[in-house]
Structures are given as structure tokens and as C-alpha cells.
């Protein structure tokens, strides 16, 4: 048995790639390992266990993981020469998608564990210490959330005043470009009781804002106290009743699951922030059909208008893919026209990346890389202009800002606007966790500047 130095506590370093759900999963893995004697560290050099929580959405993300594993191999060799324990684990969607291939390409890896089996991680590490190389990537019959512990109050409090809370996993939409149904599985909703209990623990520990997470979060379904069917709207109304919870958000949504009840929740609940991430991917009906999005561009625009009618102060965010197989200049111009029509406060855009195992990978009319790059540059310039215009429209206006963390300057705090922007504020008498009414005085490249209203 390889020895450990120092204290009785083992140390784990977790590197998180990709989406907010991976951030949430990393936190829950850390909590599970804490029950097994692990303390999380931000210094990889002092870790006994390194976990890479991976993303498989784009090809470059997966290759980053293999590059990191190459560096970890050398670290492991050095540790073993010193007689010290050092284990390497790959978690997340690359683990789910590639499984045995990871062990083949990176022999230094000890454990490969998919997103549905994180609750088995402590047991997997025990098996590694017995000499096994472990793969846990099957979809578990048991509910992982029932088995993943929530951290103690003191630990939760140390994590800040905002928190993610996963309520739904997986996706049944099978968009032709996307690996999520293959790496996260079909749509599964957490029970109301689990969600409310976790939310109450977070609020009790000082959390003021909770963001509900799901690959397709507005497909969440549950059962109310009288056995009635609940959707995300009913869950939001229930969470809004928790004393001390000041703000709610949710992401990511699919246009087809944006029903009237959910739109009504945006109208009724001031606790629900006026910001909605609603990906569309393309403005071309032909490409939307090829992507299996199951809605048209016009239907998406009409949905946006309906949402804005219910909540006039709402700001929209979205996702776009350029260069999907078969995308013509006309198709791309349809996307540009949609962006001009919707006017996004923020949006994310990417070149299409072929993902093995998806229907899009089998299409032959791939778009040339230089064409993708040119289109992406044009789209991002338009989106950046809209983002700046939205930020500038807030100058001189007042809003409530949740103070989250210290700023770079003395006596400066950084808060979050209702529309998810960072807000820099001189706050001598204020503290983290306060919600303060401010007046926006200026914009920066990626943030706003403000003063306390009335000062």
C-alpha cells in the first residue's frame, strides 16, 4: 500500500470543464468524498486524488482532457517514486462517452465514472486501492441524488450567497448535433421533496439566490402534495415560498417546453429574475429541421414576444451554432436576421463540431472550416454589439443588486444584476449577501459600475 504524508485527511483536487451542471456535480462529488475523509484543495500539487469532471459537447473540450491526463501521468510517476498515493479519475460526459477508450489512451487513469454514478465514487476508490482499474458508466437504477450527501451548514456557508441546484438531468429531444442524450441519458426529474429540502438547506446556510439546473430544465415534471402533476412553473411557485430566498433563476430551456404556465410564472413571481436563456441554434427553418429542433424560426420569435408581453423587463440569452452541415449563405443570413429581430442581452455562439455517435456526424455536406470561422466572426460581432447596447441602456437606471464577493479594489464589492451582469460597487458599509438598490453609472468590457442609489 502506498503511503500518504501528513495529516489523516486525504486531499482531492477537482478540475471542472463545461456547463453549470458540471460545477454542481463537482460540488456534490466533493461532499461525497468528504464523508470518506477527503478535503478539497485548490492546489493540485498537494492532492492525493485528482478528478477531471469533463465535458463532451465540443471536440476541443475532450482533447483538453487528454492533454491534462498526459501531465497528470508524469505527476503520478513522480509520486509513486516517492511512495505516495496519487489517484487519477475522469468523471463527466467524456467518461460516459469514451469509457474503456480513456483507460487505453491514458493508462495512468485509475477510475472512470459517468455522471449518473457519482454516488459510487467512494466505493470505486476503495476498489482502486485493492488494485482494480474501475469503470462506472452504466445508468444507475438507484437515484444518485438520494445517495449524494449535502454538505454541512458551515461548508455550504463558505461557498457563498448564490448556488446551483440540479432538478433535472438528461434530454429526450435528440437534436442531431448533440451528445447529451447519449452521455446524460433520457430526461429524469428529481422529486419535489428532494429539491425543496436541498433549497431550504442552502437558504439556511445563507444562500440568497438559487439557479435551477437541467439539460432541459423546463421539461421537469413532478408530483404535487395532492398527487397532482407539476411542471417547472409549479416548482418555482413552491420554491418562492421559502423564507429568506430572494432570487430564483433556471437554465437551460428548450423552446418546445416553454408553456403558458411557465410564462405566467415569469409574470407573477418577482423573485424569478427577468433573464431567460432560451437557445435556438439557428434562424433558418431548413437548418432547424435538419437539427431536429422541432420548431420554426417564426415560432421561436412568437414565443419570445409572448414572454416579453408577460414580463416586459425580461432580457433574452441564447445559443447559436454556425456551420451545421448543409448551412448555406442564405441559412446563415436567416440567423443574422433572427438575432437582429430578437435583440439578445447576451448569447453564446460556436462553430459546429462533429460529435461521434450523433446523426450530424453522418452528414456529408460539411461546411468548410474557413467559412465557419468567417460566419462565427460576423455573428459574434453582432451579438457583442447587442450586449453592449443592452448594458449601455442601463446607465442612469436603478436596480437591485445582490452583493456576492469582494472586488479588486479596497472596499469594493461585486454584485449581480437581475440580468446576470457583474456590477462593481464601492460599498464601505455593505456586506456580501446584501441586496442593495444601486444606480448604474458606467459600463465596462464585461461588467457595470454603480453607486448606491440616493448617495
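Here the Cβ of each residue, glycine as well, is placed from N, Cα and C on the backbone.
If you look up Swiss-Prot, you'll see 10-130 marked as domain 'MTTase N-terminal'. Marked as [4Fe-4S] cluster 1 binding site by Swiss-Prot: 19, 55, 93. Marked as domain 'Radical SAM core' by Swiss-Prot on the basis of sequence analysis: 157-389. Residues annotated as [4Fe-4S] cluster 2 binding site in Swiss-Prot, with sequence analysis given as evidence: 171, 175, 178. Marked as domain 'TRAM' by Swiss-Prot: 392-454.
Features recorded in Swiss-Prot, as mapped to the structure shown.
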residue: 19; record: [4Fe-4S] cluster 1 binding site; Cβ neighbours (10 Å): 18
residue: 55; record: [4Fe-4S] cluster 1 binding site; Cβ neighbours (10 Å): 21
residue: 93; record: [4Fe-4S] cluster 1 binding site; Cβ neighbours (10 Å): 26
residue: 171; record: [4Fe-4S] cluster 2 binding site; Cβ neighbours (10 Å): 23
residue: 175; record: [4Fe-4S] cluster 2 binding site; Cβ neighbours (10 Å): 22
residue: 178; record: [4Fe-4S] cluster 2 binding site; Cβ neighbours (10 Å): 21
Additional residues around [4Fe-4S] cluster 2, ordered along the sequence, whose Cβ is within 8 Å of the centroid of 171, 175, 178: 173, 174, 177, 179, 180, 181, 215
Remaining residues near the recorded [4Fe-4S] cluster 1 site, that is with C-beta within 8 Å of the centroid of the site residues 19, 55, 93: 17, 18, 21, 22, 54, 56, 57, 61, 92, 183
Rounded distance in angstrom between the Cα atoms of residue 55 ([4Fe-4S] cluster 1 binding site) and residue 171 ([4Fe-4S] cluster 2 binding site): 16
Residue 93 ([4Fe-4S] cluster 1 binding site): secondary structure state under DSSP, collapsed to three categories: helix
Inter-residue C-alpha distance, residue 19 ([4Fe-4S] cluster 1 binding site) and residue 171 ([4Fe-4S] cluster 2 binding site) (nearest angstrom): 15
Cα distance (Å, whole number) from residue 93 ([4Fe-4S] cluster 1 binding site) to residue 178 ([4Fe-4S] cluster 2 binding site): 12
Residue distribution over DSSP helix, strand and coil in the domain 'TRAM' (392-454): 2 helix, 34 strand, 27 coil
The domain 'MTTase N-terminal' (10-130): DSSP-derived helix, strand, coil residue counts: 68 helix, 26 strand, 27 coil
